Structures are given as structure tokens and as C-alpha cells.
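Accompanying notes for the structure given below.
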Amino acid sequence: MGPLQGDGGPALGGADVAPRLSPVRVWPRPQAPKEPALHPMGLSLPKEKGLILCLWSKFCRWFQRRESWAQSRDEQNLLQQKRIWESPLLLAAKDNDVQALNKLLKYEDCKVHQRGAMGETALHIAALYDNLEAAMVLMEAAPELVFEPMTSELYEGQTALHIAVVNQNMNLVRALLARRASVSARATGTAFRRSPCNLIYFGEHPLSFAACVNSEEIVRLLIEHGADIRAQDSLGNTVLHILILQPNKTFACQMYNLLLSYDRHGDHLQPLDLVPNHQGLTPFKLAGVEGNTVMFQHLMQKRKHTQWTYGPLTSTLYDLTEIDSSGDEQSLLELIITTKKREARQILDQTPVKELVSLKWKRYGRPYFCMLGAIYLLYIICFTMCCIYRPLKPRTNNRTSPRDNTLLQQKLLQEAYMTPKDDIRLVGELVTVIGAIIILLVEVPDIFRMGVTRFFGQTILGGPFHVLIITYAFMVLVTMVMRLISASGEVVPMSFALVLGWCNVMYFARGFQMLGPFTIMIQKMIFGDLMRFCWLMAVVILGFASAFYIIFQTEDPEELGHFYDYPMALFSTFELFLTIIDGPANYNVDLPFMYSITYAAFAIIATLLMLNLLIAMMGDTHWRVAHERDELWRAQIVATTVMLERKLPRCLWPRSGICGREYGLGDRWFLRVEDRQDLNRQRIQRYAQAFHTRGSEDLDKDSVEKLELGCPFSPHLSLPMPSVSRSTSRSSANWERLRQGTLRRDLRGIINRGLEDGESWEYQI
């Protein structure tokens, strides 16, 4: 061993420097150095910059960015390895060279607190590479290293305990806790935030790290040493919230149960599973928003109460807390329809959400929605009749152009309401204006409550239709103002209002399963396929219109006037593109030679290529929407039901379900669901499972117990063993098909609403 070298001295040789990735493998973009802004030509900008110079400097910095995320990550990894090689202490900690560490620590000049490129100490490196012996030597020499966090922006706040926990190094965790390592340290670096740039999200505390890697022993050990199971990270997420976001659903459910077993909440503390994050989401609501059906069903099992089991029938009470939109401003139903995650819509097909939505829609939602549609249809007819019979009078002034063929003009306000017919029209106009005001009073508060982006951008909520109806209401009010001041040109807002008002009738198609998905299909085609097609069409029209204008620029406009001036050339090319008109042909004169070549190319590109491209794009959109039409229609029904429930008074929309107060279940509301399972099908499943597991070499001993426990109507029955003659006479492949077929069949749910309204009839889903 040579003498101790400085930071720039040679490192201990012979060590393997193959890069080992740290626990979190996503690196942030390094901050740009704060240097004086430079002009692109290399000149410094003045200190007191104006608005234009400031914007120009920002544009230059944005344009001159050279480092990508991947490049930045690679550079920091290489820099970290280089720094380790340059430091004998860090290299010895990486290689678990105890002898070298002991020799280095004897020197007075040895800086035991020196840090690497990521702000890590030697103890962090030893924990990262699972070097227990090196970590013990470092902790004996400098016990304060246990409390030292990393200081880089990427891993800020991470201690050696975080690293040991995520690597599941139980011995090192025990050693760190024995030296009073902080169990409440928070790793707040950018690598630990929930971001699309990060591959993992384990929270900030060591306990959440241990829970996410499914280490029950470390979780118990941390809790015994005082780890707070109610600790929240910078997003307000507890360890239960973080478990909801993990990809391994099975382990997450097991760890969820373990953590709840340590929840010893008193009268002044809220239960752990009801603690919301900063967005107001409990773990249950977060599971619904994320579309985590496994965790959602797991949590629903904890909320249900089985009343009785009668053969294949099972009566179950499901707790509607946090699910029902009645009395909850942020219910699960509203969260699902407002989220952008498609997976969240799968929750609408889960029990009891599906049964609750169906009950509300068929009892209250559908009748009220049909009534609202009928009222709107009568309203728009009234507005149309008022527009058709608007006050007009013969034209009084003289014509100023031979092309002017106007015969009638708008009456003044004093002349518009003089006859009995005008009084009838006035009533219709008042109804129209009052209706427009009501529309604005209903729509505008929702914009502020939900936000502009969510309100207008969500297709399920009817975003484009909200734009139509609000614009229609404004056009009606503009028409009213122009009528009051006797301004000419009221036909412009009136025409827009008629088109928008009648187009909004399509919104009420969502009440029908056959027509509802088609409204979404139209929206996707208009704002998706058609918008992209319009950009291509604009490029083609601009190019060919310019060419046609140049070709006919020297010709007589009286003979070939389609492309005489440039605006006319653009409009004529647009008509040619849509095949509204044919190409200009006058056989009495000679056409330019380049016209034939240009028109042939235009016909091939526009008619044969681009129009068929649009048809293909729309066909693909139709295919995608058709495959999820049931899911989309169910989401539309939920959105419509929640909207009507919030708008209508409680006397017109009573709360659905059973109040638990009358039955000793507290103030919560429940929904009773009867599940029916075919007894023969259950037996076939057990036989098929027996054949499937009998031929397997690695038979799980617990599978028989799980199969028996999974049968709710006969838990005491043992697994039937098939006879040898039957097993030899039937192919195992047929049994496998039978097993798969039976498992794919969905159960039928029945809701008995007799406890709600005193009736004895059943409501079948």
C-alpha cells in the first residue's frame, strides 16, 4: 500500500470499475451554470436588458441546449466512477477492502467525510455495494456517518439506511439501527419524486422503501425502532398510498395488510387507510384513480359484510363510503370520470360500482336525462322558429351594385313588436334568452370547480359539447344586444347559434347505448383525424394554388377566370381538392402546357392519395372506439349520472342504498348485492384444477386449501379426486379447455332493493 494520495492522486489499483447502477436509475437534467447570457455572435448582453433582449436570451439558451437526459445520466455515472477511482477511501469502501480502510483511517490527513460526485460518503458506497465489513469499519471510525445524507440534487437526503433497506441487507440495517440511524430521514432528491422520468417511486422514508421492496422483516424492525407509519412525503402520500402505485400488486396487498395491523389509532387519530394526501385522495380513491383493480378488490373485501350464504347465493352489504357521489365532493365516481387514465374506467366494471351506477341510472338518471333532452329539443325548436320569423321589412335604400340582390332588411326595434304575431315571437325570444342565461349559470360554475383543461378537454365529460352550448348561449345574448340597439348584422351570431344549438342535440345521444359511443367517435375524428388531415390539406392547397395562379397569370380572365387572382385561386383549388368542381376547361382556347401536368399531379395526390388516407384514418379510429364502446358508454353514463345528481335538488334525487343507522351499522350507507354462483360450475372448476395440478411436477401444497377456501357455499368439502378410468379416457387438453372456459364466465349479480323501499321485487343487472 502506497502513501495516502489526495483527491487527484492515483487510486488503489486492481479494482474492478464496472459501473454498478445505484438503486434509482433515472437522473435529472443538470442545472445550467449561471453564466452571463451571451449573444449568438459571442457578445455580452447589457445588464439592464429590456423585454426583447430577455426573451431573446431565453430563446438562445433553449435553442443551445445540448445535453439530453440520457447523456446527462451517463455523464454523471461516469463522473461518479471516476471520483471513486480517484479517492482511495471511496475505492476501498466499494471493494470491501477492510485492510486498506484500516490503514487509510490511521492517517490524520484522511478525510473520512469526503464525498463523491453524487454527494455520497464512503458509508453510502459501502451500503450501495452491500459491503457489510467495510460499513462496520467506517461506522466504528466515524459513527456520525450514519446520519450523513447525500447532498446532490439527484439523491438529496438519502442516508445509508435508505440504501441498505432498498437492497434488503438485513445485517447492515440492524447495524445502522443499533447506532441510532434516523428512521425518519427523508430522501427528497429528484430521483425519488413521482415523475415520468423516474422508473420507480418509493416515497421518501426508509419505511416506505422497505414496504415497496416487500421486506416484511425490515418493515417490522423499522416500526419497532420508532418508524412512523403515518409519515407523509412531499406529496402527502403515506406508505399505503405508495403501495397502491407499485407494479407488484400481490406483494402490495400483503404489505398493506401488514401495515394496517400496526395501526393503533386512538380517538383523536384518523385511521391510516383514511388519511388523504395533498390531492385529497385516500389509498382507496387512489387505487380507483390509478385503475388498480387488484388493490381495489382487495380493499373492497375489507369493506364488505357478508350477511348469509344459501347454497350458490351470497348476500353481501358493500360500504359505499368514498364511492357514492352523494354527500362527497370528491367521490370515486367523479374521480374516475375526470382522470385521463384509461385504466381507471375498468373500476366501473367492478362490484359494487357497477351495481351502484346501474341502480342510479335506471331509477333516476335515465328518466331525468330523457326529460332534459325533450326540454332542450323544444327549446331549440322555439329558438329556430324565432329566427325564421324574425322581423324584416322591404328594402328602402337603392342598390349600389348590380350584383346586389337584397330585397328585405332588418326592422328597427320600434317597428319589430307591433302586431300580435310579433308578441308571440317576443314570448319565444324571451324564453330563448332566459334559457341562454340558465345555460351559462349552470356551465360557468363547473368551469371554475373543475378547471378549464379538465372541463373542456375530457371527452367522457362531453368537453366539445360544453364548448358548443356555452358559445351558443353567448351568440344568443349577442343577438339580443344587437336587436336592442338596432344594429345591422344580427344574422351572423344568429346563424352561428342555430348551427351550434342543433349540433348540441347530439349530446343527448349518450343516453342510448347504441348512439352514445358514436358521439365520442365523431369527437375523436374531428379533433384527431380531421385536424391532422387539415394540416396536410393546407400544405397541398397552398402549393398547388400558387402553381395554378402562376400558370394562369398571363391568360385572359374572361376565358379562364378560376385562377385570376390569388384568393380565387385558393378557393378554386380547395373546391378541386374536395372534387366539388371539375378542372377549368374551355375548348375554344388553348390551355397552358404546364396546367395539364400540374393538374394531373394534383388529382393523384388530392383525390387518390389524401382522401383515401383520411378514410383509412377514420376507419382506424372507428375500429379502436368500437372495441371499447361498452366501456366508453359506461363512463358516459357515470358522468351523466354524477352531473344530474349534483344539479338536481335532494328531494328529486334521494340517496341510493341502505342507511346503516337503522340496522346498527353506523352512519354509513350500504348497497346489498346478491351474487349467484353455479354449483355445477364450481365442481367442474375443482375437477379441472385437480387435473391441472395432478400433472404438474411442482405441486403447491397450499393450492388445495386455497381452492377449498375460495368456495363460499361449501367450505367443509374436500377436493374430489377423479377416477383413473376417467382420467385415462379423456384428454388433458380438453379438461384444460373446459377449465379455461368456466373460469372466463362472468358471474351474474342481483340487487335486492326490498330493504330500501319496502318492496319485495328484485332488480337484475
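These residue numbers are counts, starting from 1, taken along the chain as shown.
Cβ coordinates come from backbone N, Cα and C, glycine included.
Note on Thr309, Thr728, Thr742: Swiss-Prot annotates phosphothreonine at Thr742; no matching annotation appears for the rest, which is not proof of its absence.
Membrane topology per Swiss-Prot: Asp423 and Gln553 share a side, carrying the same topological domain name. Among Asn248, Asn398, the residue that Swiss-Prot annotates as N-linked glycosylation site is Asn398. Over the repeat 'ANK 6' (279-308) the predicted model carries a mean pLDDT of 90. Note: Asp582 (Ca(2+) binding site) has no non-local neighbours, i.e. no same-chain residues 6+ apart with C-beta under 8 A of its own C-beta.
Taking DSSP states H, G and I as helix and E and B as strand, the repeat 'ANK 1' (84-114) has 20 helix, 0 strand, 11 coil.
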